[in-house]
Structure formats: C-alpha cells, structure tokens
C-alpha cells in the first residue's frame with residue numbers, strides 16, 4: 001500500500017543524482033560474493049521516495065541508504081508529485097537471469113518500451129509526495145519495481161513548477177549495503193525534478209502620454225536538467241494587451257548578463273500591430289547557452305507603445321516561459337492609464353479656441369515629445385482640449401499640470417504666473433466630463449470719446465480758435481493792401 005511517512009524534515013538530497021536509484025550498485029554486476037545469507041523472499045520491503053528540486057550541482061548516484069541531514073541541507077522538497085510503483089513480475093530477483101539483465105544496464109525506459117522483454121506487471125500502487133517531498137510505498141514483496149512519475153502539480157505563479165520530469169527507473173528489493181555486504185529491504189531513492197519560475201515587470205517614468213513607450217521584462221532562470229533528461233525547448237512568450245503595440249527592434253535577450261544574437265541564438269515572432277503574441281524561441285545554440293550557465297538569470301526585455309486607453313484604464317499583461325512544453329506563467333503586471341479634458345471659456349461659459357497649454361508633471365517639469373520639445377495642446381473651436389492618454393502608474397491616480405502659455409485672441413493671460421498653472425489628478429479610465437475648466441478675461445475695449453462729452457467741447461473750442469485766427473490774418477492783410485493803394 002502507499003502511505004505518507006511524516007516527521008522528516010523538508011530537505012533535499014544535496015547533489016545526489018536526479019534519478020539516484022538505490023539499486024544501481026546491484027546493476028553494476030553480479031551479486032557480490034560477500035553478500036549476507038540468501039535473499040529472504042518473505043521479508044517485506046518498502047520504497048521510500050524523497051522528491052526534491054534538481055540542484056545546480058549534480059551529486060553522486062545514490063546507494064539506497066537514507067541520507068543524513070548534512071547531505072539534505074539547503075535544497076527544496078517538491079510536494080504533490082504523483083508516483084506509480086509497479087512490480088515487474090517477470091523479473092524475479094531469485095533468478096540469476098534477472099541479475100544478469102540488471103547487470104548489463106537494463107533501465108526503466110527499456111522496461112516501459114519493451115526492450116529485452118516482453119515484461120509482465122503486477123498491480124500499480126499510486127501515491128503522492130507530502131509537504132516534505134516524501135512518499136513511502138511499503139508492504140512490498142521482494143522483486144524489481146518500475147517507478148514512474150505519473151503526475152505533477154499544475155504550474156502556478158508561485159511554483160515550484162516541474163518542467164522536466166525524471167525518466168522512469170527501476171528499484172530492486174532488496175539492495176546490498178556495499179559497506180557490510182548485508183541485504184536491506186527499505187530502499188531510499190532521491191529522484192529530482194527540474195523546476196522553474198518566471199516573473200514579469202514594467203518600467204517607465206510615471207508621467208507619460210499616449211504613444212510613448214514602456215519597457216517590459218520577463219525573467220526566468222536557466223533550467224538544470226535532471227539525470228537522464230534533456231532540455232528540448234525553451235520559449236519566452238508574452239500575450240500583449242490590445243492597448244499595446246510592440247516596438248520593432250526593441251527585443252533584448254540575455255543569459256547570465258550576456259546578450260544573445262537574434263537569428264543565431266533565438267528566433268523572434270512579433271505581432272505587426274496592437275495586441276498579439278510575442279514569442280522568443282531559443283535555438284540549439286541558445287539552449288546550449290542555458291546549459292552552459294545552469295541556474296543563471298535569463299532576461300527578455302522589449303518595448304511597447306501604449307496606443308489606447310480602456311474604459312477602466314487598466315492594461316493587464318501576463319507572460320510565460322515554456323520549457324519542454326510545460327508553460328510556466330509569470331505574475332500579471334497591470335499598468336494604469338487615464339484621460340483628461342480641459343474646457344477653455346469666457347465669463348459667459350462660451351468655448352474659446354486658440355488657447356495653448358503646456359503639459360507638465362506634478363513638480364512643474366515639462367513633458368517632452370519624441371523630438372525633445374515640450375508637449376503642448378491647443379483648444380479647438382469648442383474650447384476643448386482632450387488628452388486621450390496619461391499614465392497614472394497606479395490605481396489611485398497621478399497628478400499633472402497644464403500651464404497656459406498663450407491666451408486666445410482677444411483675451412489675456414492672468415497677470416500672476418501662478419494663476420496660469422492648473423493642477424489636476426488623472427484617474428484610471430476615461431473621464432465622464434470636463435476635469436479642468438479655465439476662464440479667460442477679455443481684452444479691455446479701447447476707450448473712444450463720448451459724443452457731447454468734454455472731449456467734444458475741447459474740439460469745438462479748438463476749431464473756433466482756428467477760425468478766428470484765420471479771420472484775423474485775412475483782415476490784417478486787407479488793411480495793409482488798402483494802405484499801399
């Protein structure tokens with residue numbers, strides 16, 4: 001029967017081969033001449049499976065004996081792994097022909113595939129490892145057993161995620177203690193799993209406008225294949241949100257800090273527009289770079305332009321690393337964007353066109369466009385400035401400023417520069433109405449003289465004076481002419 005033995009510490013067999021079989025000492029040749037008295041066919045045995053993550057450094061082949069605490073220190077158990085243990089009834093440990101087959105290297109894969117067979121089997125026993133990575137299958141008669149890892153926990157963000165499982169292996173009950181030559185019937189095995197985790201992050205200045213780029217990063221680690229297994233595929237994938245447009249040529253792939261070459265070490269499949277799937281597939285050379293750097297950080301970074309804002313303003317994005325066909329998801333990264341509308345009007349609430357505003361961050365630093373110029377907006381015929389996308393960076397919103405640079409024709413800027421600065425907070429999503437309203441004072445009208453007023457009287461007095469002066473000159477001239485006649 002399969003039972004779970006409690007009380008052992010959650011530790012891993014440090015460096016003892018991924019498929020370390022207790023029986024491998026017997027597989028090296030015939031039964032040692034110094035062995036203790038004959039195998040007792042009536043003695044019940046057990047197979048104690050200790051399931052661990054594959055460490056970076058592989059160790060020695062196991063002996064079937066239980067390992068001490070020092071050997072188990074520092075490694076991690078894997079819980080929830082299902083094993084199927086099946087007796088190969090056509091292999092009789094009391095028959096020398098069986099030992100001959102084992103001695104020439106018969107493997108679990110051979111038995112599964114019928115190599116050297118045919119083989120006959122007993123009733124399978126199925127059980128799963130506990131929180132310490134431990135599974136004990138006891139009450140077993142002597143014999144040869146095929147041990148297969150039949151199921152692993154579904155991949156999750158927190159892991160551990162099993163991506164490479166050990167090959168099927170054989171365990172012989174009983175096993176020989178090489179140091180004493182005695183048979184023992186409780187055999188400990190330490191198969192390993194290659195596990196993986198993946199994470200995702202976003203990097204961009206807080207204050208951004210629609211169309212500018214943000215950087216995404218997917219991080220994992222080079223897998224360490226367990227004994228008898230291989231790394232056959234490694235793909236990094238990102239299903240882009242509909243609001244994201246991949247920036248061509250922005251992909252960077254590194255292993256242990258060294259950049260890989262597109263085409264040589266990996267291939268790229270990128271969407272041609274917003275949304276779609278971005279895939280980085282490691283070639284044979286790229287996978288070799290992973291194997292040459294076991295456990296090293298693997299980084300894939302790329303840029304996207306934000307081209308739209310959803311009703312909620314949330315842009316959720318999840319990546320994945322696919323190793324030997326097993327998909328390991330990243331955490332979901334959510335970026336937040338909003339929009340704002342400004343209404344420029346006069347004292348009568350009539351919209352004014354032609355007002356120019358400069359966009360700044362909350363500290364008053366101007367935001368720049370791709371050419372390095374300040375980002376400015378001009379009110380339309382209805383007096384409205386609609387800014388369709390501003391990054392809020394968080395669900396709580398982000399503060400910005402719109403600073404009036406130029407007033408509409410026929411209107412004046414506020415005399416106090418501080419009154420030209422309009423601060424506001426952008427919340428994620430699309431606005432329900434005007435969030436910023438700005439009134440301008442009209443230019444004062446030119447003061448013409450009032451009809452009948454003091455200005456008109458002055459003109460009249462001046463006019464009469466000129467007429468009188470002209471008459472005086474004319475009269476004097478006439479008298480002079482008469483005196484000369």
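Here the Cβ of each residue, glycine as well, is placed from N, Cα and C on the backbone.
The transmembrane segment annotation in TrEMBL falls on one of the ranges 437-456, 457-476, namely 457-476.
Here the domain 'Gram-positive pilin subunit D1 N-terminal' (46-194) has, by DSSP, the following mix of helix, strand and coil residues: 18 helix, 58 strand, 73 coil.
For the domain 'Sgo0707-like N2' (211-334), the DSSP-based tally of helix, strand and coil residues reads 8 helix, 65 strand, 51 coil.
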